[in-house]
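Peer 1: Residues annotated as ATP binding site in Swiss-Prot: ASN40, LYS57, GLU111, ASP112, LEU113, ASP246, ALA247, GLU248. Per Swiss-Prot, substrate binding site is recorded for ASP229, ARG344, and the stated evidence type is sequence analysis.
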Amino acid sequence: MSRYHTFTAADAVEYARQFGQVADPQALVTADEIGDGNLNLVFKIRDTAGISRVIVKQALPYVRCVGESWPLTLDRARIEAETLLTHSQFCPQHTVKVLHHDAELAVMVQEDLSDHHIWRHELIQGNYYPQAAEQLGEYLAQTLFHTSDFYQSAQAKKAAVSRYTNPELCQITEDLFFTDPYIEHERNNFDPVLLPEVLSLRQDKALKLAVASLKHRFLSQAEALLHGDIHSGSIFVADGRLKTIDAEFGFYGPIGFDIGTALGNLLLNYCGLPGLAGPRDAAAGREQRLNDVQTVWQTFAARFLALSQEKAQDPALATEGYAAQFLQHVWRDAIGYCGSELIRRTIGLAHVADLDSIDDQEMRRACQRHALSLGRALILVAPHVDDVGGVVARIRQSPSSLTPQRC
């Protein structure tokens with residue numbers, strides 16, 4: 001008989017007392033449910049002084065925003081905990097610390113990050129963290145290299161691919177990224193005024209062929225252990241620090257996917273800034289986002305190359321020049337997945353505050369149109385641009401990258 005039951009606040013406190021690794025467990029007395037997640041219960045566990053000490057996170061057996069009609073496997077909690085533990089093995093400074101997890105209860109206790117802030121909120125507010133982009137690039141390089149064929153033995157890698165098979169969560173990604181936005185589907189969510197742009201995407205054969213290729217690679221290329229949902233809402237920042245959280249979508253997939261979704265969220269903020277700030281601040285913020293895009297990729301690529309030169313285990317993959325050649329393919333994937341993120345976050349099920357929190361309706365629509373046009377352009381141009389500087393130059397030169405005009 002399964003031990004699983006949905007935690008109450010009292011259950012979360014008791015669990016934290018047992019497994020929170022705090023000096024005085026009995027000082028933990030209250031639990032506040034937090035977060036806007038659709039897949040989990042998340043509790044902040046506070047002590048008698050009201051200070052949050054640890055986080056208790058439990059997977060729900062269904063998608064919360066839909067209900068029990070959309071069931072989900074609880075094994076994703078094990079996959080999330082083990083993904084974070086594996087990533088922490090190679091990049092502890094940028095991965096949230098898992099203190100304990102129980103696969104049967106689908107629960108995890110992790111360090112409290114109350115002294116950090118969600119990066120998306122900070123980007124929207126115009127608060128700049130100068131080391132964040134470089135730290136994100138470092139995290140991506142360390143985690144993706146060390147779980148790839150460049151570092152793992154073939155036997156270990158094949159076993160890991162099996163252990164991290166995550167079909168139900170991957171199905172969500174497959175549908176929301178690569179299928180729903182390009183067909184009429186009840187999960188899609190967009191302002192009816194955008195229908196002409198949406199229909200144009202659905203009727204663009206070249207775009208749909210490119211998206212089909214991206215989906216095929218997502219389905220078939222087990223290159224490294226991905227976070228699987230790396231965006232500015234799953235990244236916490238503080239002065240000089242960055243931590244990733246929420247890895248329940250972890251699986252072995254194409255390396256460019258994690259990079260592309262990260263870059264896509266920087267560009268979603270880029271698209272939304274004219275509606276979030278005054279003209280001068282928006283222009284400065286947009287330039288910084290483009291610099292961040294360059295920094296993330298350049299840091300990732302430089303570190304991945306250095307790691308391959310120092311640590312590549314397979315003699316064939318250690319061949320001089322191969323890692324650089326491989327990164328060209330990763331780059332093209334990343335730009336395609338980046339474009340997919342822009343489109344699906346604008347007209348699909350799950351939106352972002354970078355666009356949706358814009359108060360002025362006409363400006364919001366203009367920013368959404370920009371995100372759609374930029375996403376489409378990136379998907380189509382991905383096979384033809386060899387470096388990040390070329391992509392940034394095209395964004396700067398494109399009329400759609402200028403401040404959106406009111407409709």
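These residue numbers are counts, starting from 1, taken along the chain as shown.
Cβ coordinates come from backbone N, Cα and C, glycine included.
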Peer 1: By the count of other Cβ atoms within 10 Å, pick out the sparsest of the binding-site residues GLU111, ASP229, ASP246.
Peer 2: GLU111
Peer 1: Restricting to the chain of ARG344 (substrate binding site) and a gap of 6 or more, list residues whose Cβ falls under 8 Å of its Cβ, or answer none.
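Peer 2: For ARG344 (substrate binding site), the qualifying residues are LEU176, PHE177, ASP180, PRO181, ALA350.
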Peer 1: Give me the non-local Cβ neighbours of GLU248 (ATP binding site): same chain, 6+ apart in sequence, Cβ-Cβ under 8 Å, ordered along the sequence.
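Peer 2: Spatial neighbours, sequence-distant, of GLU248 (ATP binding site): LEU39, ASN40, ALA59, ARG76, ALA77, ILE79, GLU80, LEU169, GLY228, ASP229.
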Peer 1: Is it possible to get the count of other C-beta atoms within 10 angstroms of the C-beta of LYS57 (ATP binding site)?
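Peer 2: The Cβ of LYS57 (ATP binding site) has 26 Cβ neighbours within 10 Å.
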Peer 1: Which one, from the binding-site residues LEU113, ALA247, has the smallest tally of other C-beta atoms lying within 10 Å of its C-beta?
Peer 2: LEU113
